[in-house]
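What follows is a single structure, written as structure tokens, with notes after it.
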Amino acid sequence: MEPIDPFRDDTIWMTMDPTAFPGIHNNNVMRTVDGPYLRIVEQPKQRGFRFRYGCEGPSHGGLPGASSEKNRKSYPQVKVCNYQGAARVVVQLVTNTAEPHLHAHSLVGKQCDKGICIVELLPKDSSISFPNLGILHVTKKNVSKVLEERMIEAYRMGYNYGIFINPEIDVLQGEVRMPRELTDAERNLISSASIHQSKEMDLSVVRLMFTAFLPDSDGGFSRRLEPVISDPIFDSKAPNASNLKIVRMDRTAGCVTGGEEVYLLCDKVQKDIHNHDDINFAIVFKTPKYRDQNLQKPISVFVQLKRKSDNETSEPKPFTYHPQIIDKEEVQRKRQKTLPNFQDYSGAGGGAGGMFRGGGGGSLKFPPCIKGHFFQGYQTYNNFGSGYNFSSGVGGGGTTIKHAYQEPVEDSDEDSDSDTDDDPAAGGVVRICAQPEPVGLGVESEDTEPTENLELNTTGCVLEPHLAELAGRQAQALFHYAVSGDARMLLAPQRPLMTTQDENGDTGLHLGVIHSQTDAVRNLAQVISGLPGEDIINMRNDLYQTPLHLAVLTQQKEAVEALLEADVDITLTDRHGNTALHLAAQQKEDNMLRLLLKYKPVVQLTSIPNTAGLCPLHLAVQANGLSCVRALLDGGADVDVQEITCGHTALHLATELGNLSLAGCLLLEGNAYVDSVTYNGSTPLHVAAGRDSTKLCALLMAAGADPHKENFEPLFFKEDELCGTCEEEEEEEDEGYIPGTTPLNMATSPEVYDILNGEEYQLTTTVVPPQGDMKSLSSDTKQELCQALEGQTGGWESLAHALGLGILTSAFRLSTCPARKLLDSYEVSGGTVRELVEGLKHVGNSSAVSLLQAMCKEPEAVHTTPQLTGPGLCKSIQGLTLGPHQEESGICDSGVETSF
DNA sequence: CGGGAACTCTA
DNA sequence: TTAGAGTTCCC
């Protein structure tokens with residue numbers, strides 16, 4: 001016995017549930033492998049092949065193999081295993097049904113006749129490929145006629161094994177030496193079978209059935225092997241040939257109030273373009289209002305594409321509706337709330353802990369109110385209705401409940417959709433989801449009935465009022481315990497109480513944090529972390545906030561520490577997908593961030609995106625938090641991490657925001673990769689050039705950015721009718737090659753253009769006139785000053801400190817002439833001779849002092865143009881020139897050339 | 001080959 | 001009757 005070949009298609013299928021894979025027929029069961037058997041070596045390509053009508057004539061190319069490629073074509077192929085010798089292989093088209101039937105379509109091509117293909121396998125070969133199979137599409141009115149002929153022929157020739165015609169016919173599957181003649185009874189059976197089967201036949205899909213016949217002792221091919229059936233082949237011309245698939249959504253969460261635009265990128269697996277089996281469609285729609293505007297906690301729903309014609313649906317993608325409350329306000333509100341009197345409720349028992357809120361478990365009334373339009377390439381389609389419906393359902397109790405959906409709205413022209421899309425609630429397009437009325441609930445099974453009843457409750461909430469109050473009081477009672485005494489002693493046995501949540505889902509621990517009761521928090525955290533079982537310390541409130549989130553939001557260092565010590569789960573996210581680290585990254589101060597980052601495991605969170613696709617570093621950049629950016633970089637965050645939606649790095653974002661200091665910080669301190677690319681192939685320099693920012697361009701160029709880097713935006717269109725004049729430029733390009741756009745292409749102003757061409761950016765002349773008068777010193781004087789400084793041990797270093805440039809000493813030290821470097825930096829930073837003299841006096845370098853006083857008689861006279869630079873630039877350049885914490889130094893000017 | 005016009009069917 | 005979906009045919 002040979003070992004079983006794990007790659008045999010039929011051995012693998014053994015483990016599958018055939019009902020779960022409708023395309024797989026139970027023929028494909030494992031068989032013993034010691035005799036000869038037929039095996040499909042290469043499956044046919046399932047999509048992208050078009051069935052042809054007779055009137056279209058022959059020669060439209062053969063059915064390709066699954067792995068066929070443009071330059072390396074392959075074809076369906078079968079192999080007779082465990083056998084050497086001649087064989088005959090018969091290929092028939094069968095239906096894609098559990099019980100395969102003969103298909104009315106015909107196989108056409110080289111060795112095809114009467115709709116089937118018969119090939120002789122030469123004794124020297126063991127496998128055989130079918131390079132020229134066409135599928136002839138029977139016309140609808142001929143289906144039963146053709147099918148009947150096909151059945152008769154199959155029966156005559158003994159090729160009716162494995163295809164189900166009629167039980168009485170099917171038993172007559174013997175080996176056939178000579179074509180069988182049919183009795184009238186048999187003809188009648190076949191006739192009615194063909195009429196019956198033709199009614200059910202799906203003309204847009206077929207499978208290939210291969211049957212091999214080995215020669216018997218008389219040389220006739222009568223030893224039939226078990227047939228094998230291929231994967232289904234879908235007619236690419238059939239209107240429903242496309243796969244519905246949501247490839248990407250630009251957002252996966254939104255507010256219950258709806259009206260937020262969502263872009264869906266959809267696969268349409270139908271055509272074969274450049275070896276990719278897909279075309280991307282974009283569908284834009286606005287989220288409908290959720291039926292319950294008072295939603296208390298996030299609820300998960302699903303987005304899916306649904307095609308009206310055949311009810312085909314895509315895989316559902318999750319989407320989260322969250323309540324419309326702002327965190328800060330919420331905390332504020334809770335703080336203001338008066339606390340109940342503990343004594344009143346202390347005896348209220350603790351049995352009923354847990355979640356009372358049950359609205360989320362039910363099904364969803366998702367108003368059928370989607371409208372939108374398609375893009376494909378540059379065309380806009382408004383015939384939303386002709387293609388897809390948008391639908392949604394929600395998982396509840398293990399079943400997905402789908403809804404009946406309103407007919408899609410169709411716009412009369414593409415300009416009108418802005419009016420109609422705008423405000424669902426206000427006139428015009430009212431049918432966009434204004435009604436709380438559930439429409440056509442497709443609730444099928446009886447077990448959803450209780451949920452149904454609950455849903456009739458207009459608040460969507462199954463919480464019984466008095467129970468809610470009770471729960472709230474328990475949580476607060478616990479909080480009181482914790483505040484007023486040593487919770488460790490009191491609370492250990494009170495486990496149910498600990499899990500109790502108030503009407504906002506807050507536990508006692510949440511409340512402790514909200515009310516800044518650090519000791520209570522510490523006590524509770526200690527108790528709770530000591531308890532086995534339930535994860536009380538990580539319990540989320542209705543906003544999905546853990547106590548840690550609240551502690552970070554309210555900037556309570558001690559509470560955060562206490563919680564971290566109690567080993568909370570730092571990976572938990574709030575309803576926006578933010579971990580506590582994300583929240584800390586958005587704060588003005590970096591202390592929360594640094595505190596969190598001290599805990600090693602937290603560092604891993606730095607590359608986790610929230611639901612908006614942003615990592616902590618991106619959030620810090622967006623919040624213009626230089627100190628937070630530094631904290632993250634110091635903490636080991638990946639400076640080049642990309643956000644999810646477009647692939648921007650922090651440097652892209654900083655550039656986009658025009659934030660020179662952040663960009664400088666990322667480059668200089670974070671050592672960010674200057675030419676990182678977005679999904680679009682754009683570098684930060686593309687962004688800077690696009691927004692016409694001289695400073696950012698100069699910065700990025702100085703950091704080594706490539707001004708010739710092409711992104712994926714075509715620079716022009718080939719048949720450019722819009723612009724007849726600009727063709728000659730790229731005339732000599734290769735056929736079909738369209739270059740991408742470079743930063744240089746994007747430059748609009750001459751300044752930016754020059755900078756990108758490598759011209760020095762003259763900060764001092766164009767933007768930052770020197771404040772100081774160091775320029776008045778001759779180079780000889782400077783030279784002598786340097787010598788005076790070098791002569792004194794530690795001279796220049798002390799001076800650097802005296803001049804507020806101490807932070808740069810280590811950088812200067814790298815230079816061959818640190819003193820010179822110091823003086824240069826001091827000059828460009830706007831230092832004055834007078835202050836230099838003061839500094840020299842301070843460090844006691846009398847020779848240098850006298851030197852300066854001798855050489856420079858009238859320091860006051862040389863006053864420079866005091867057109868001060870804007871504070872933004874000033875600050876940004878600081879970011880470039882100096883290391884962290886230079887804010888204190890008060891230095892404020894350029895020095896760009898020293899930094900790169 | 002693939003696009004699409006023309007024709008047919010059906011709700 | 002008609003629009004849209006599906007089918008067939010033409011280039």
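Each Cβ is built from the backbone N, Cα and C atoms, and glycine gets one as well.
When pLDDT values are averaged over the domain 'RHD' (A:33-240), the model yields 89. Annotation comment: TrEMBL describes A:33-240 as domain 'RHD'.
Sequence annotations record features per position, and here TrEMBL assigns region 'Disordered' to A:408-427.
The annotation compositional bias 'Acidic residues' is assigned in TrEMBL to A:408-424.
Same-chain neighbours of the repeat 'ANK' (A:543-575): 253, 297-298, 320, 322-323, 325, 327-328, 330-331, 504-505, 507, 509-510, 512-514, 516, 518, 521-522, 525-526, 528-529, 535, 537, 581-584, 587, 589, 591-592, 595-596, 599, 601-602, 605, 608, 610, counting only residues six or more beyond its ends whose CB sits under 8 Å from a CB of the stretch. The repeat 'ANK' annotation in TrEMBL covers A:543-575 (among others).
Per TrEMBL, the feature repeat 'ANK' maps to A:576-598 (among others).
Beyond the repeat 'ANK' (A:612-644), the same-chain residues lying 6 or more positions past its ends with a Cβ under 8 Å from any Cβ of the stretch are 251, 576-577, 581-582, 584-590, 593-594, 597, 602-603, 605-606, 650-651, 653-654, 657, 659, 661-662, 665-666, 669-673, 676, 678, 879, 884. Here TrEMBL flags A:612-644 (among others) as repeat 'ANK'.
According to TrEMBL, the repeat 'ANK' annotation covers A:646-679 (among others). DSSP labels the residues of the repeat 'ANK' (A:646-679) in these numbers: 16 helix, 0 strand, 18 coil.
Under DSSP, the residues of the repeat 'ANK' (A:680-712) split into helix, strand and coil as follows: 16 helix, 0 strand, 17 coil. Among the features that TrEMBL reports, repeat 'ANK' is placed at A:680-712 (among others).
Sequence-distant contacts of the repeat 'ANK' (A:576-598) (same chain, six or more residues past either end, CB-CB distance under 8 Å): 253, 322, 546, 548-549, 551-553, 555, 557, 560-561, 564, 570, 605-606, 608-612, 614-617, 619-620, 622-623, 625, 627-628, 630-632, 634-636. Assigned with DSSP, the residues of the repeat 'ANK' (A:543-575) fall into helix, strand and coil as follows: 16 helix, 0 strand, 17 coil.
In terms of DSSP secondary structure, the repeat 'ANK' (A:612-644) contains 16 helix, 0 strand, 17 coil.
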